[in-house]
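Undergrad: So Swiss-Prot lists these for the protein:
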BINDING   ARG36, LYS47, ASP56, ARG59, GLU60, GLN61, GLN62, VAL63, THR92, SER93, SER94, VAL95, GLU96, ARG121  substrate binding site
DISULFID  CYS147-CYS180  disulfide bond
DOMAIN    21-100  domain 'Chorismate mutase'
SIGNAL    1-20  signal peptide
Amino acid sequence: MLASVALAALAGVGTPHATADDASPLVPLVDAAAQRLQTADPVAASKFRSGGAIDDPDREQQVIAAVTGDATRHNIDPGYVHDVFRNQIDATSSVEHTRFAQWKLDPAAAPSSAPDLSESRQKIDTLNRTMVDEIARQWPVLHSPVCRPDLDRALDAVATARGFDPVYRHALEYATHSYCR
């Protein structure tokens, strides 16, 4: 709840102190990417508890096919969307690998239970659609000279509002590093 309030304030919604210069139009896209990254913990817990592999090339291909199809329907470059989601998947997978390593080194920190993987995947699929919608909405910004400063402001706002630790902050930076073209 606090993160939502902070993000709304950072985006200039409902706050008299925000100006057009304060808000980045990329906050909704970056926040969707951040929420998608945050699925790494429950997904890692599910895979850790079940003995499943972190990397799932078949699932990754399904995701890429779905988002590039959505890109085509939005009349935006599917190659661009492919690159964005490849980075997002790699960042999320890296967080999962980090969690596995932490739990291997400290078994007491390992989760004693985990949500069903299908629940996390439904959330991921919804966030994927949101991200493609936001990419389409922000296409002109993503391909303009103001993209980098807008992205930097959005990254700072979202990472702060979500209380990201260094692992998640670096993962978010990686997930978004190809946004500006």
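Using N, Cα and C of the backbone, Cβ positions are placed for all residues, glycine too.
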Undergrad: For the domain 'Chorismate mutase' (21-100), how many residues does DSSP put in helix, in strand and in coil?
TA: 62 helix, 0 strand, 18 coil
Undergrad: Cα-Cα, whole number of Å: ASP56 (substrate binding site) versus CYS147 (disulfide bond)?
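TA: For ASP56 (substrate binding site) versus CYS147 (disulfide bond), the Cα atoms are 32 Å apart.
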Undergrad: Can you tell me the three-state DSSP label for CYS180 (disulfide bond)?
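TA: Going by the DSSP assignment, CYS180 (disulfide bond) belongs to neither helix nor strand, so it counts as coil.
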Undergrad: Counting every protein chain present, what is the number of Cβ atoms, excluding its own, within 10 Å of the Cβ of ARG36 (substrate binding site)?
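TA: Step by step: centre on the Cβ of ARG36 (substrate binding site), count other Cβ atoms within 10 Å, giving 24.
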Undergrad: Identify, among the binding-site residues GLU60, GLU96, the residue whose Cβ has the fewest other Cβ atoms within 10 Å in this structure.
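TA: With the binding-site residues GLU60, GLU96, fewest surrounding Cβ atoms within 10 Å: GLU60.
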Undergrad: Which has the fewest other Cβ atoms within 10 Å: GLN62, THR92, the binding-site residues listed?
TA: GLN62
Undergrad: If you count Cβ atoms within 10 Å of each one, which of the recorded positions ASP56, CYS147 comes out on top?
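TA: The residue with the most neighbouring Cβ atoms within 10 Å is CYS147.
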Undergrad: Reported as an integer number of Å, what is the Cα distance between THR92 (substrate binding site) and CYS180 (disulfide bond)?
TA: 20
